[in-house]
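Q: Just lifted these from Swiss-Prot, have a look:
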type     : residues                                                                      : note
BINDING  : A:G98, A:D119, A:S126, A:N127, A:L128, A:H129, A:R130, A:K143, A:D187, A:N188 : ATP binding site
BINDING  : A:C236, A:C239, A:C315, A:C318                                                : Zn(2+) binding site
ACT_SITE : A:C253                                                                        : active site, glycyl thioester intermediate
DOMAIN   : A:366-480                                                                     : domain 'Rhodanese'
ACT_SITE : A:C435                                                                        : active site, cysteine persulfide intermediate
Amino acid sequence: MEDLETRCASLRTEIAAAEAQLTKLKRELHEAEGAALRAQSQKTASANATTGQRTKSKWPLHGEEYRRYGRQMIVPQFGLQGQLKLRDAKVLIVGAGGLGCPAALYLAGAGVGTIGLVDGDTVEASNLHRQVLHRSRNVGKLKVDSAIEYLRELNPHPTYIAHQAHLTPREAPDIFKDYDLILDCTDNPATRYLISDTAVLLGKPLVSASALRTEGQLMVLNNPPQPPGDKTGGPCYRCVFPKPPPANSVTSCADGGILGPVVGTMGVLQASEAIKVLTSAGESVEATPPSLLIFSAYSSPQFRTIKLRSRRPNCAVCSAEATVTLESVRSGSMDYVFFCGTVDPADILSPEERISPSEYGNVDSAGAQRHIIDVREKVQFDICSLENSINIPMSTILASAYSAPTLDADEPKRLPSWLPPEVAHESNKPIYVVCRQGNDSQTVVRKLKELGLDHGGERPVVDIKGGFRSWREQVDPDWPDY
Amino acid sequence: MSTFQIHYFASASTYTGRNTESLPAPLPLSSLFDTLEAKYPGIKEKVLSSCSISLGDEYVDLVSDGEKSGNEGLLIQGGDEVAIIPPVSSG
């Protein structure tokens, strides 16, 4: 057994070394190919200069590029001019996840000259169903490196720039200034406002998209990118959503779920909009009015377009009354985390009101009388659940949390309809509450106590600390890690 | 009775538990949030306060902090379509 483990460890080391060597060789090859291309074009250029003749080598693109990009170059809206504009363009993609991967894939394929990618995350197995540039073997690797590895194999012509950290207000202006167009492919409100503000202040158009579960949104913002105060400029993210959503209502893909093709669709649409913006730049085309596209995969119609207004007259960034400046972004006096709010840490219960998964495991195997309430959503309960547990989804509990309180304070509290009668009436049985991570369970323990189910402290109502995540670590390693 | 159709997206659909429904028309646009609040207590603060709203295929402004939105007098008519569009930030 020990021998095998040593063997595995040494193989892993060998593979890592070989991969590092391969990466190094590929980079060297890429640089050598680039140098060869430049040398070749210089040679032909000087040859042409000497002979003074117009030869085929004076075509603006290399032979390989005509073959590679021909199918898009014969599209009338695109053409040779479109190709040349893409080649000269520098696009920054913030986020190398579900949106950034497909967007980068198509922009690299189309031949955008410089593509920058910003992300500080590493690839996880749960990313692979939708983040199409990352491959199973790259789990654990930085997303930007994993993505660029794929893009380089797809198209070696563009220059790829890796920004291996999450975007911060301090660095955003310096990163953005070198690019012509920004794609917002991120996953949280604070970064969305930061990206929009920085894009406006530096005069960069912004293609913004988002997705959750079965829905997505897409907007082309700050287009045309006129200076703040100029009413002819396109609206920014703040013009459309001046107030951030309450922090505790923000759902991530990890919590809410996401279908791969839904977020993929949004990322591909971003690439399409990016190509439109880049190839029309400089022409006096009639500006396309700004709009918000909503994709809802399970609705009919699946696509809706809402016409947006022009810049908001009192917008904090792009109006004449603007208060946000590059300096306030950089210095942190525009505090994005504060602006968007934070969710209070969920440690709302005292130690006596909590029980560890291993302690509950003992209660469980002793076969003690009890109620175990699982407050995950039904779809998660259906994936895996504890024997005899009762499913009361958090959303059901919250939805009724706002019903009008009884006017008469003396009237006994009416129990909510989601509470099964046996839980309410079998008051000799303790109540255990469990959820996925151990946050919602605490909220529900509070709620059950407010409803008087603990009989003034006589009946234990406790939460299982750390939820099923800790359950897997402490009790059941086979518990599905979805 | 005349009605208009209201569509709920993202967190609005989670909160109301539905994607769409019919509500009685005509309704002044300025009363929309209160009408929804009466039907779905808490929705104003938890969802609507940060939402975009569209009437037909146009964005309309319902910012309630006293400033002029330009939509004060708008009336939602029978047959109209209204959409509640919360900002989705994940991706």
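Don't overthink the numbers, they just go from 1 along the chain as shown.
Cβ atoms here come from the backbone N, Cα and C positions, even for glycine.
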Q: Can you list which of the recorded positions A:G98, A:D187, A:C239, A:C253 come closer than 8 Å to chain B, going by CB to CB distance?
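A: Only A:G98, A:D187, A:C253 pass the 8 Å Cβ test.
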Q: List which of the recorded positions A:S126, A:D187, A:C435 have their Cα within 10 Å of the Cα of A:C236 (Zn(2+) binding site), in sequence order.
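A: Of everything listed, nothing lies within 10 Å of A:C236 (Zn(2+) binding site) (Cα to Cα).
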Q: Can you give me the residues near the recorded Zn(2+) site, meaning same chain, not A:C236, A:C239, A:C315, A:C318 themselves, Cβ no more than 8 Å from the center of the site's Cβ atoms?
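A: For the Zn(2+) site, the extra neighbours are A:S196, A:V200, A:N222, A:P235, A:Y237, A:R238, A:R311, A:R312, A:A316, A:V317, A:S319.
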Q: When DSSP states are grouped into helix, strand and coil, how many residues of the domain 'Rhodanese' (A:366-480) land in each?
A: 39 helix, 14 strand, 62 coil
Q: Would you count the other C-beta atoms found within 10 angstroms of the C-beta of A:C315 (Zn(2+) binding site) for me?
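A: Excluding its own Cβ, the number within 10 Å is 23.
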Q: Considering only the recorded positions A:G98, A:C253, A:C315, A:C318, which residue has the minimal Cα-Cα separation from A:C435 (active site, cysteine persulfide intermediate)?
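A: Closest by Cα distance to A:C435 (active site, cysteine persulfide intermediate) among the recorded positions A:G98, A:C253, A:C315, A:C318: A:C253.
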Q: Would you identify which of the binding-site residues A:S126, A:L128, A:D187, A:C318 has the most other C-beta atoms lying within 10 angstroms of its C-beta?
A: A:C318
Q: For the ATP site made of A:G98, A:D119, A:S126, A:N127, A:L128, A:H129, A:R130, A:K143, A:D187, A:N188, how many Å separate the two farthest Cα atoms?
A: 20
Q: Rounded to a whole angstrom, what is the C-alpha distance between A:S126 (ATP binding site) and A:C253 (active site, glycyl thioester intermediate)?
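A: Given the Cα positions, A:S126 (ATP binding site) is 10 Å from A:C253 (active site, glycyl thioester intermediate).
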Q: Please name which of the recorded positions listed here, A:C239, A:C253, A:C315, is nearest in space to A:R130 (ATP binding site), Cα against Cα.
A: A:C253
Q: Given the recorded positions A:C236, A:C239, A:C253, A:C435, which one has the fewest other C-beta atoms within 10 angstroms of its C-beta?
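A: Among the recorded positions A:C236, A:C239, A:C253, A:C435, the sparsest Cβ neighbourhood within 10 Å belongs to A:C253.
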